[in-house]
Amino acid sequence: MGESMSKRLKLQLGGEAEMEERAFANPYPDYQPQGAVAAPSAADTHRDRALQPLAEEESLPFGADGKVNAQFSKRIQAKIKDLLQQMEEGLKTADPHDCSAYTGWTGIALLYLQLYRVTKNQSHLQRSLDYVKRILRNLNGRRITFLCGDAGPLAVGAVVYHKLKNDSESKECVAKLLQLQRTVISTDAELPDELLYGRAGYLYALLYLNTEIGPDTVPQSVIKEVIDAIIESGKNFSKEERKTDRCPLLYQWHRKQYVGAAHGVAGIYYMLMQPIANVDQETLAELVKPSIDYVRHKKFRSGNYPSSLSNETDRLVHWCHGAPGVIHMLMQAYKTFKEDKYLKDAMDCSDVIWQRGLLRKGYGICHGTAGNGYSFLSLYNLTQDRKYLYRACKFAEWCLEYGAHGCRIPDRPYSLFEESVARNYRSKWDLKVAARLLHEQQASCATCRWYLKLQHPSRDICK
């Protein structure tokens, strides 16, 4: 008995030490409706401090209509301007051959495309075009996904040219993108199914085009063939693992059955549930839904999720691994199947992210604070509960103090998924929920986009 308690205490203390190593204690009090006593911050809870009431006007950077107030908006716009200057200067030494959306030039083009959407400033669209032209001259043909392969540059190029009314160049980009499909659906190809490097990442590019340009840009027959390849792959691997009854669609990457959005089943299931993908109801009900439920039962007591199905360590709270990625799958499951259990689990994920999501790794989308913050905006869009908008604003406030927290410097600090681009992209959050873009570029870019979204949190990035 005593030995068992000692082990549990050791695990608890180890978990607390792990959290302190990976994340900052959240210094902000949580949201409370008007007239209620403010909840303690995660840091205060952790240290067992007394509650400190917080006046609503001090705690809410937005009004009753969900719009960010002028003061907070001004801070955001000033930070975007500053970060863009930092980014452009830093890009002078960036890898000229990295064309990916994740860490390369396509992510920069996406940022300026988002800036154009938000500001309607034609110069941003022109700047996006400048990067698109550079990208399209340097495609390597080795990978096929939106985030890490040629599909991303071609899809973004098609959209930018479309917005500039250059239909011939846009159609050429689409045609080149569709030429990749043969590799994607080939049963001989050693191709995974996950989002960063696999079939789901190519599917994202196809759906992105139909959303941004028009529903007939990519024929439904092409989309269906890709979906069929993803479904068949999942069924075959589930059969190999003898899990057909429990998890009809099972996937692996590098011989691990990952859970998260980047390399795992959460990202794949999320894509299959997209309405624009037009997956038939029988497949959703009989294959996707039970597979999601199988993953749900792997949830830790904390509300977080393991990085892989065999991992029993509650460590990572990133978009790529853990609750910040799984939450998007759960929200989409709630929209698709209309069952409250998925929304409840998503809310549990949100609590984990609020407590453990201010990451020491930095501010990027993939494994940083900006990526974690997107989950709050998505949940606010779904529920209209102002608690989640408040949480999003507080994570943005943290990112506004970029460089002041002693976070680690990423390898590509000016990319969309790793740092500054991600923060800029999130700044544009006000207009678009960039959670669905799933990019990992440099911090300035990611943070700028994050800030943009905050000003119009109810708009969807896919619209």
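Counting starts with 1 at the first residue shown.
Quick reminder: no glycine exception, Cβ is built from N, Cα and C everywhere.
Between the listed ranges 21-47, 48-74, 237-263, 399-425, TrEMBL ties the annotation region 'Disordered' to 21-47. From the candidate list Cys320, Cys349, Cys393, the residue TrEMBL records in the Zn(2+) site shared with Cys366, His367 is Cys320. Annotation for the binding-site residues Cys320, Cys366: lowest Cβ count within 10 Å of the residue's own Cβ, Cys320. The number of other Cβ atoms within 10 Å of the Cβ belonging to His367 (Zn(2+) binding site), over all protein chains shown, comes to 24.
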